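Participant: Take a look at this one; I'll ask things after.
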Amino acid sequence: MPFPFCFRYRGLILLLTFLIYTCYHMSRKPISIVKSQLHQNCSELERPDNNSNSTTWCYWAPFDQDNYSQLLGGVDDAFLIAYAVGMFISGIFGERLPLRYYLFAGMLLSGIFTSLFGLGYYWNIHQLWYYVLVQIFNGLAQTTGWPSVVTCIGNWFGKGKRGFIMGIWNSHTSVGNILGSLIAGIWVDSAWGLSFIVPGVVIAVMGLISFFFLVECDWCLESSDEGVLWHYLHCPFIFLQGVMEFSLCLLFAKLVSYTFLFWLPLYIVNVAHFGSKEAGDLSTLFDVGGIIGGILAGIISDYTNGRATTCCVMLIVAAPLLFLYNSVGQNGISSSIVMLIICGALVNGPYALITTAVSADLGTHKSLRGNAKALSTVTAIIDGTGSIGAALGPLLAGLISPTGWNNVFYMLISSDVLACLFLSRLVYKEIQAWKRSMNRNRG
């Protein structure tokens, strides 16, 4: 493909992949908004039928039990565990199938399963197994997204300003969360089924658009499968320098991020005593901070050429601020807004940098012999490992929250510190590289 033609389509690919993954995250968000509606304080509501003194009439079975937080955590984990397991397999398929076919199938299935969760409201389904099963299949379907879009972006954009470009592009995660929260909030108090059905329809339509308009650059299709096979047999991707460290760091970084993703609205309802819609709207500020943090992390890491150090510094600063948010963040609306934005930037900044620029850097490493298809597998390994943490976080939050929200935040702070520790070797190597560079400049 001639370079001018490639350059002309870069803007289209950047926008299209941005919208694609925005839809993926938008369809994941409604469950966190609807949680407070499935189990709420009935005494504060006016009962249509005054003939009963029941205090649980407004609950949505099976979440009307005392262990509702564990049940809701189980529904979260059905999705997240399936996503984590499926991600390791998805990268292999993503290497061998045309991306637009793969994305179309995945987005269509994601739309169907997201809508099926909401249809449980209209079909009056109160069996836990139904919601768990829908979440499992949805989690598997959603694994088609990330390896595909990162591979596509990695093929179209060089390494020059990759951190900056991907920092902006990765804001799709936060934009999707914001849109998902706002859309779900429209119907959460009246007909929560639509909070799932509308995002489900949107992602299915976006899948159809990607099928017709997504273009892969010619050069990324010229690599043969033999190069990928050679590396599976002789050089497992996990042993590439930095893959293991960043994968383990992402495990704990995503644990923190996804705990906020799935539990922040309920935390605000319980601690600040806001309504479901108001809590959902306020929680979007965490994602606004995520957009800012992702862009800043990309710019700083490009300028310093220190991906690991950038992540580590942000994680170190995040730990005390998480403690501060839990301690004083709910004392007033102003402090809550400021703390949510700052925490969102510091928590999601490293997460965004690792899943985009770092994955693309490692996936196009010189040891992979220039095989662009390997990028899909490296991305899947890193994000798949991170998704294990994404599954653990909401599960642990559901188990720990009955003992007090303070304990949940202690768990998040500990995870943040562990994420930082796994990068210590890479940070040391980057510092040594900077010293050598300074010595050469002096000479």
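A Cβ is built for glycine as well, from the same backbone N, Cα and C atoms used for every other residue.
Feature list, courtesy of TrEMBL:
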type: DOMAIN; residues: 13-431; note: domain 'Major facilitator superfamily (MFS) profile'
type: TRANSMEM; residues: 7-27; note: transmembrane segment
type: TRANSMEM; residues: 78-94; note: transmembrane segment
type: TRANSMEM; residues: 101-123; note: transmembrane segment
type: TRANSMEM; residues: 129-157; note: transmembrane segment
type: TRANSMEM; residues: 169-188; note: transmembrane segment
type: TRANSMEM; residues: 194-215; note: transmembrane segment
type: TRANSMEM; residues: 250-270; note: transmembrane segment
type: TRANSMEM; residues: 282-300; note: transmembrane segment
type: TRANSMEM; residues: 306-325; note: transmembrane segment
type: TRANSMEM; residues: 337-360; note: transmembrane segment
type: TRANSMEM; residues: 408-428; note: transmembrane segment
Participant: For the transmembrane segment (306-325), which stretch among 7-27, 78-94, 129-157, 250-270, 408-428 has the most Cβ pairs under 8 A?
Facilitator: 408-428
Participant: Within the same chain, where does the transmembrane segment (408-428) have neighbours whose Cβ lies under 8 angstroms from its own Cβ atoms, ignoring anything closer than 6 residues to its ends? I mean 6 or more beyond.
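Facilitator: For the transmembrane segment (408-428), the list is 242, 245-246, 248-253, 255-256, 259, 263, 267, 306-309, 311-312, 315-316, 318-319, 322-323, 325-326, 347, 350, 389, 393, 396-397, 400-401.
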Participant: Counting a contact as 3 or more Cβ pairs under 8 Å, with residues at least 6 apart in sequence, do the transmembrane segment (282-300) and the transmembrane segment (169-188) touch?
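Facilitator: Yes; at least 3 Cβ pairs under 8 Å.
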Participant: Cβ pairs under 8 Å only, please: of the recorded stretches 7-27, 78-94, 129-157, 337-360, which one is richest in them relative to the transmembrane segment (169-188)?
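Facilitator: The listed stretch sharing the most Cβ pairs with the transmembrane segment (169-188) is 7-27.
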